[in-house]
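Visitor: Mind looking over this structure? Questions follow.
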Amino acid sequence: MTTTPNQGTSHAPIFDLVTDVFGTGRHKPNRTGVDTISGFSKHYTVDLQEGFPLLTTKDLSGFRWNSLIHELLWYFSGEEHIRTLREETGIWDAWADEEGHLDTAYGRFWRRYPVPEEGLAGEAWPDDGHRWMNDEGTFDQLAYVLDTLDENPNSRRLVINAWHPANAAVSTLPPCHYTFVFNVQGDELNLHLTQRSGDIALGVPFNLAAYAILAQVVAQRAGFELGSFAHTIVDAHVYCGAGERGAWYGDHLDELQSRLADVQSPDEYLDVREWLLDAAPEEADGEEDYDHVPGLLLQASREPRERPALDVADVPLEDLSFEDIVLRDYDPADGIRFAVAE
């Protein structure tokens, strides 16, 4: 059993991401019909030795934790459908058909990446008998990384990619967090994630926690200490509501940013929140909580608490189960409701 200690309390990287997008972002409509405040190419780094980085300024336990772990285990499985996953959580139901099939599934690409049946002249491709090839003629990227960490840990080719351009061009929802790279420094294993699109209120906290678990799982099996998790988000955004509510931010974003620039202490975010709720039009029936700005301002007003610890059982990756991943000493603030923009 490997444990991530709970030594740190700082969630400054995520807090800085929120305030950066609020302070420098642009109002931006998008395909969902729910507008955003969007920033370009945002980055943060978290030291995983300071504890498991599950946010404490809102509650991510209970059904949220259940969904997070079962989703990650689904990735590990390599399944292209959600028939097993939907027995535990419905977070992918909106993008699947009645039989549970998806246009794109992360784990399918992690564990079963398509390999061309016929390559062009001069190209190098593994044959069907290669150790990382599956029986169906696909490539197991995760097995490749684990074996390479054992045999050549200083490799700079420890890349896992969930993006297939031809699939993404026609997929209902191509991968958001689409490629990640492991990197060894001394006896520490680090992980860098690149994400094309990141919902700061809902998605990014899940991504941070899930990839921190992934880093711990891989480090444990490869014999390394945990290092850092780094995250680059190309379009980092905060959803700000649909209809009149979303459009209001297009006309008043400068004023919001001016008020945020004057904040001197966490509790002053509540003053900005009160002004916003008084000034902005109410969200329409059926569109409640699509505006994530008030909830994030409430979250920003809260002092972070000590990070929890995470235990992961030392079992083969293929046997890893929900019960093998245990969160300890988690004492978060109350939950905050954010609606999902689909």
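Here the Cβ of each residue, glycine as well, is placed from N, Cα and C on the backbone.
According to Swiss-Prot:
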type: ACT_SITE; residues: C176; note: active site, nucleophile
type: BINDING; residues: R31, R156, R157, R196, S197, G198, D199, N207, H237, V238, Y239; note: dUMP binding site
type: BINDING; residues: D199, A341; note: (6R)-5,10-methylene-5,6,7,8-tetrahydrofolate binding site
Visitor: Are there any residues in the same chain, six or more apart in sequence, whose C-beta is under 8 angstroms from the C-beta of R157 (dUMP binding site), and if so which?
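Guide: Set apart from R157 (dUMP binding site) by at least 6 residues yet with Cβ under 8 Å, we have T148.
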Visitor: Given a 10 Å Cβ-Cβ cut-off, pick out the one of the binding-site residues R31, H237 that has the most other Cβ atoms nearby.
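Guide: Highest number of other Cβ atoms within 10 Å: H237.
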Visitor: Rounded to an integer, what is the Cα-Cα distance in Å between S197 (dUMP binding site) and A341 ((6R)-5,10-methylene-5,6,7,8-tetrahydrofolate binding site)?
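Guide: Cα-Cα distance, S197 (dUMP binding site) to A341 ((6R)-5,10-methylene-5,6,7,8-tetrahydrofolate binding site): 13 Å.
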Visitor: Take the Cβ of S197 (dUMP binding site) and count every other Cβ within 10 Å, whichever protein chain it belongs to.
Guide: 19
Visitor: Distance between D199 (dUMP binding site) and A341 ((6R)-5,10-methylene-5,6,7,8-tetrahydrofolate binding site) at the Cα atoms, whole Å?
Guide: 9
Visitor: Only counting partners 6 or more residues apart, tell me which same-chain residues put their Cβ under 8 Å from the Cβ of Y239 (dUMP binding site).
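Guide: Y239 (dUMP binding site) has long-range Cβ partners T32, V34, D35, T36, D199, A201, Y290, D291, H292, F338, A341.
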Visitor: Using the alpha carbons only, what distance in Å do you get between H237 (dUMP binding site) and the residue listed as 'active site, nucleophile' once rounded?
Guide: 13
Visitor: Which whole-number value in Å describes the distance between the Cα atoms of C176 (active site, nucleophile) and R31 (dUMP binding site)?
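Guide: Spelling it out, the Cα of C176 (active site, nucleophile) and the Cα of R31 (dUMP binding site) are 14 Å apart.
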Visitor: Across all the protein chains here, work out how many other Cβ atoms are within 10 Å of the Cβ of A341 ((6R)-5,10-methylene-5,6,7,8-tetrahydrofolate binding site).
Guide: 19
